[in-house]
C-alpha cells in the first residue's frame, strides 16, 4: 500500500517517540510561561491563575517534593538517574525546579525545541522504559501545541537554550486517566522529568540560495507561514524519473538512512498545480519521519537521504516514486498521478 507523505507513526516505537509525536502537533492521518531564571518556588509569581500550558504558582509542599529529588548526573551520552525518598511521589500541579538556567536564547512561546529528556515513575523512581533520549538523539517539542501533553510544555516553556532541570507532572498533565500501560504507567502515576534544552529548531531552511539550471522545472515562491506557491510551466513534460534540485543549500549535517528528520513542505499535483498537502495548513507543523523506513513515499526517502540540514529541495515525483498505480485510498491522489514538493529540511537531531 502506498505511504502517505506524512508519517504513519511507524517511528513511535519508544515512549520518547510517542511523546515527541504527540507534542509536535499535526495530524499524521491526513498526510509530525515563566521567566527562564525562575525556579519551582518562584515560577509564574505574577498570577495564581494558569493556562493549560503555563506553570501555576506551586504549593509549598509540591515544591519541597521536587527539591528533595536527588539527581545523579551522567557524563557523555548517558542518561541521568534519580532517587526519591518519599514514595509514591505526587503533586497537585506540574512543578519545576531549574538546576541550570542556561545562557542561550529564551525560548519563544511557539518554538519547536530540541530537548533531551528522561522520565521516571513517581511511584518508585524507576526509569520509564524507552523514555530517555540522552543515549540517542533529542526529540523536538512544539511549545505552541496546547492540545497535547501540557506537562511537557509547562516544564520547558519560558526557559533558555542550555537550561537543565527536573519537574514532576500529575497524570492530568500527561497521559490522563488512561495512563500508558505499555510502558508501565497507570492512570494514577505521577511522572518525573529530567530535561536539557539543546536548541531551537529553525522555522525554515537556512543557507545559500541556489538557482536551478533546468529552466523547465516548476518554480517556487516561498511563504513564511503559508503553503508555498508552486507554479508548473505550461510546457512541462510528464516526469519519467525523480528530480531533486536544491533551492537553498544548507550547511548542516548530511542526512543518512535511519536518521529522524523534521521537515516543512508543500505538495501539489503536477498536472493541475493544485495544493493537496502542506505542513503549513492550520493545526499542522514541522513533520518528523525516519529516512529509509518506508514511512513516506519512496520519492521523499530518496530526495532527503544525502541532503543536508538547512536544504530547501524542489522534488518532482513521478507516480512510480509516489502513490503508484493505486493512488491514495481516499482518492485525493489519482492512480499514476505525478507530484511536486518543496521540502525544507529543518533538523536531524
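These residue numbers are counts, starting from 1, taken along the chain as shown.
Each residue, glycine too, has its Cβ placed from N, Cα and C.
The annotation compositional bias 'Low complexity' is assigned in TrEMBL to 24-51. Among the features that TrEMBL reports, compositional bias 'Basic and acidic residues' is placed at 58-76, 84-93. The domain 'PPIase FKBP-type' feature in TrEMBL is assigned to 110-203, 258-349. According to TrEMBL, the feature region 'Disordered' maps to 24-93. Residues or ranges marked as signal peptide by TrEMBL: 1-25.
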Integer mean pLDDT for the domain 'PPIase FKBP-type' (110-203): 91
Tally of residues which DSSP labels helix, strand or coil - the compositional bias 'Basic and acidic residues' (84-93): 0 helix, 0 strand, 10 coil
